[in-house]
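The block underneath contains the structure these notes are about, expressed in structure tokens.
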Amino acid sequence: MSESRSLAFPLRCVRDRQQAEAELQRLTRRTQTSQQKDVQGRVDVILKAVRERGDAAVCDFTERFDGFRPDPVAVPKHQLEQAWKALPENLRDALELAHRRISEFHQRQRPEDIRMEGAHGEQLGRRWRPVQRAGLYVPGGRAAYPSTVLMNAVPARVAGVEQVVICSPAGSNGQVNPVVLAAAHLAGVHTVMRIGGAQAIAAMAFGTESVPKVDVISGPGNIYVTLAKQAVYGQVGIDSLAGPSEVLVIADQSAQPEQVAADLLAQAEHDPLASSVLITTSHQLADGISSAIAQQLEDHPRREICEASLRDWGLVVVCDDLETCAQLSDSFAPEHLELLVERPEALADRIQHAGAIFLGPWSPEAVGDYLAGPNHTLPTCAAARFSGALSVETFMRHTSMIQFNRAALDATASAVCELAESEGLHSHAESVRKRLS
């Protein structure tokens, strides 16, 4: 029997529903920091400078923040293929498997055009077309996120986007992580720019001498990237405003404590602002989860990050029944929802709001992060109430098609004119009458 261990801090645990709802609301507001106004001011300065000075401003900010001057801004195309060929075989195989599965799933997302004939022979429809250029932001520097490359580039390529551009910050040596370059090669990305931060978002939104102006920007980033995306929305499309990651685990007495602990830590290791929540009907699991977490935290390479996340944004809730668990989950609308219960399919049917649902003990969130197939770019901070995962449609737009004939216009003219006149739009009505006079 393993020795019982305890966390260096108490993991917040509540057993009252009203208190649980208040705690979950607190977690959804964790990005609302006092620093946000200061950061927004700095972001606005960066956006204005890049809009006015182009590459020169991008290079100045990169030199200031990242310690090198990106001249040229673009990574030479041959370096992407070189990076792919230089990968260890096991990593190359893993990326190919992920790429294949993600591609197969997203191919099924391609929307179909709609065509219908009205009562008088008029032709009506909706036509889908890809955007021309997509800009993908991939966090970088000391870390490598090839999964972010695949999860953004694959749907863009499946959509049929003509030009896919990645911006990813380089290290102080001026080099983008080779695994990111390799994934970009595999996914068919056209260009990689070795720039990051708000200046990269500005470059893609406004265009510079080196960076083409794009139609849609997708991909996660820090608060500078998120606020920059928010500021340029309307001039370009964006996927979403990503906040810190989160997981909510609903577990009953059948759940294994060590698996639950591992899944909570898998979220906590992302970021000190990441949120890990356990809602359970098992008092035994609730009482023992701290010990299971403490045991796995020993010698954890990201222990400080995990502890900060769990201390500030971790939560355990004990409920009387799974119906209450589902209701509390819906009030939180988690990015990731794991159902570690005896009948996960039945519980999933009760869930209304979640970015992604992982059913049963063999579906850890990690498989969704890397290669299950559905996209891992998901709404956070309760945005799952009104939005969903990044998809092929993120990189497409639809156009309405209307072709009336004389009979259709004859049959509907009086109603059109009546409605136009009721709104005081005389010329609208006249545009119909002139065709029939």
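Placed from the backbone N, Cα and C atoms, the Cβ positions cover glycine too.
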Look at the Zn(2+) binding annotation in Swiss-Prot, where Gln267, His270, His428 are given, and name the residue from Asp215, Asp321, Asp330, Asp369 listed for that site too.
Asp369
Out of His190, His300, His336, which one does Swiss-Prot list together with Ser245, Gln267, His270, Asp369, Glu423, His428 for substrate?
His336
Sequence-ordered list of residues in the chain of His270 (substrate binding site) that lie 6 or more positions away and have a Cβ within less than 8 Å of its Cβ, or none, is Pro244, Ser245, Ile305, Ser309
Quick check on the binding-site residues: of Gln199, Asn222, Ser245, Gln267, whose CB has the lowest count of neighbouring CB atoms inside 10 Å?
Asn222
Using a Cβ-Cβ cut-off under 8 angstroms and a sequence gap of six or more, which residues of the chain neighbour His336 (active site, proton acceptor)?
Ser245, Glu246, Val247, Leu248, Gln267, Ala354, Gly355, Ala356, Phe358, Glu365, Gly368, Leu378
For the recorded positions Glu335, Asp369, Glu423, which Cβ has the most other Cβ atoms within 10 Å, all shown protein chains included?
Glu335
